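In what follows, a single structure is set out as structure tokens and then discussed.
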Amino acid sequence: MPMAKAPQAAGGQGDGGDGEEAEPEGMFKAPEDSKRKVRDYLRLAPLWLALVVLASVGVLLWYLLGHKAEMTVSQVYSGSLRVLNRHFSQDLARRESSAFRSETTKAQMMLKELIASTCLGTYYNSSSVYSFGEGPLTCFFWFILQIPEHRRPMLNPEVVRALLVEELLSTANSSAPVPYRAEYEVDPEGLVILEASVKDIVALNSTLGCYRYSYVGQGQVLRLKGPDPLASSCLWHLQGPEDLMLKLRLEWMLADCRDRLAMYDVAGPLERRLITSVYGCSRQEPVVEVLASGAIMAVVWKKGLHSYYDPFVLSVQPVAFQACEVNLTLEGRLELQGVLSTPYFPSYYSPSTHCSWHLTVPSLDYGLALWFDAYTLRRQKYDTPCTQGQWTIQNRRLCGLRTLQPYAERIPVVATAGITINFTSQISLTGPGVQVHYGLYNQSDPCPGEFLCSVNGLCVPACDGVKDCPNGLDERNCVCRATFQCQEDSTCISLSRVCDRQPDCLNGSDEELCQEGVPCGTFTFQCEDRSCVKKPNPQCDGHPDCKDGSDEQYCDCGLQGPSGRIVGGVESSEGEWPWQASLQVRGRHICGGALIADRWVITAAHCFQEDSMASPALWTVFLGKVWQSARWPGEVSFKVSRLLLHPYHEEDSHDYDVALLQLDHPVVRSASVHPVCLPARSHFFEPGLHCWITGWGALREGGLVQRGLPLPGDPPHAVRRLPQGQEGCLPG
């Protein structure tokens, strides 16, 4: 048997033999290893701390980003639905009635349950039924969904309507009890959903204290009750037969007010469905007619100044839809051939307007010209809607724009198929009806004898000393500006020396063709038979130049009385200026004018720019008057029946500062009352011509006002000399 070895004493030394067994290392090195590990942990502590911080930041970012992704937004919808088993009653038109309160409670519960039955129920926030309409009971409502922001684009009105209609159709034939069908049978086809905003709901709620519902039947014109004077805002909810459209008429009754009226194409004030808004007893539009796209309309009034009288009158009627399509073949003549307009012009065109006009020209020698009045066309900017009508002409998209200038659109014709012109109301916002005259022009010579202005498409006189084109191109490169050019050597002579029976050009070209018709141009006079004569300013000179003698007709104007003239003096005598008019308000002279016909006086438009001066009934016109402080034996007075301001008049620039007054009865011509002559369109006023200026007022800046009719004396005190290149006499 092998012999067992005795264990060595602890800490004893062996003899180094192979058979000696050593103790485990750990029993002797543990204290040193522990210290080393502690030191290692301490060295790694910053790393561990950094990892913890990074992890915390990551968790925080995850939380914040996750929270942001789940943020919700309030999406507001407005609309209406039809209840087939209920009918409208007059009690439901009065919000203060118990029937209205009872019906709205049940209808709101039905609407809430309908939404809750779909996947939209998760997002439901609130809802309200605010009014009812005729026929099978129509409920008008709004509701709010609180939806995740990233889902907002997906829940547009079309999608929301589709979800609700799907729910209604799925339960239509179900025998199982459905909460929202307990009392109401909702028509899926009659459901309307529109996008709205919180601002719209606030505006709606501000008007419900003065809410008016009216149904107007076919063939009926309904005058609406005026606003409540104690309210600050009112809402008229209007409804008509489904197959007709509503036309609202607004007539301002006061000379001055600050009230605002907004018309909407739906039952409530939805900004996206605004048709138009008018403000403050407009003199430019004393009567406004507005068309809706269908049988529903809302009018919202906001009070301006307090008044005991209604500042306006509203009336409404249903009208039939008018087709706006024509197919025309034009005749081969260079003149206006017809008019195109939006339905019910001059009413505001409806938000659903779509017109398509196809015009065929007789040959490719002609182009199509469209003439607009205070309306122009501009190329549509990319992705920007047209707010005043969109036009499509030869694949060009154009936007209409209201201006205070005339405009012509010239369309070259390149195919015998003709041209199709489309006009569309691109958004609900509309404006006054659009009217356009159409005709042909010669494509090889668009403006015979004149200059084609590329800025506005108009034909204007060339080289007459007046810049008619906004860019002034009609007065560039002119050899003989506002003069006659001799054919022989291009010498320029005064127009007054043409056809005066005295040859001035080298070979007498200025005296040729004076008794014959010539092509019409800038300075040629057009006779009544539409022929033109070469002689400048031939009217009423005692020598017939037109073959039909029309240049010597209507010459019983501009005749002064037999009394002597006080040249260089201060005051005029009776009959010296028989066309001079004094325009007065309550016995006070305000403006001067000139009698141009038996019932018409011309004056300045700025005399009537104040609202307090805008009514024709305020004005009295005196003719034959010399002294303001005393009544003259030959003077007569007239009331004003009509006041017409130039449609392009602009107060700031004083452009088109002209107005016409129609007298209440014709004048009786006498030595002291006689009309002045009006020049022909082609009449040329030479630079340097002396002009007489008459009227009542100061003779010089800062001077005393004269009571008598002043007569201008010699230059330079009162007679103004025409600057070079300016046409017409200067006003006083």
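Cβ from N, Cα, C; glycine included.
The disulfide bond recorded by TrEMBL for CYS555 joins it to CYS540 [selected from CYS540, CYS546, CYS557]. Checking CYS447, CYS478, CYS480 against TrEMBL, the residue bonded to CYS463 by a disulphide is CYS478. Among CYS480, CYS499, CYS505, the one TrEMBL lists as the disulfide partner of CYS492 is CYS480.
Per TrEMBL, the cysteine from CYS514, CYS527, CYS532 that shares a disulfide bond with CYS520 is CYS532. The shortest Cα-Cα distance from CYS520 (disulfide bond) to any of the disulfide-bonded residues (CYS459, CYS463, CYS499) is found for CYS459. A count of other CB atoms within 10 A of each Cβ picks out CYS499 as the most crowded of the disulfide-bonded residues CYS447, CYS480, CYS492, CYS499, CYS540. Only CYS463, from the disulfide-bonded residues CYS447, CYS463, CYS514, CYS532, CYS540, CYS555, place their Cα within 10 Å of the Cα belonging to CYS480 (disulfide bond). Classification of CYS520 (disulfide bond) by DSSP places it in coil, neither helical nor stranded.
Cβ neighbour count for CYS463 (disulfide bond) (all protein chains, 10 Å cutoff from its Cβ): 18. This prediction places the mean pLDDT of the domain 'Peptidase S1' (566-732) at 76. In this structure, the CA atom of CYS540 (disulfide bond) is 26 Å away from the CA atom of CYS463 (disulfide bond). On the backbone, the CA of CYS463 (disulfide bond) and the CA of CYS492 (disulfide bond) stand 12 Å apart. Secondary structure from DSSP puts CYS492 (disulfide bond) in a beta strand.
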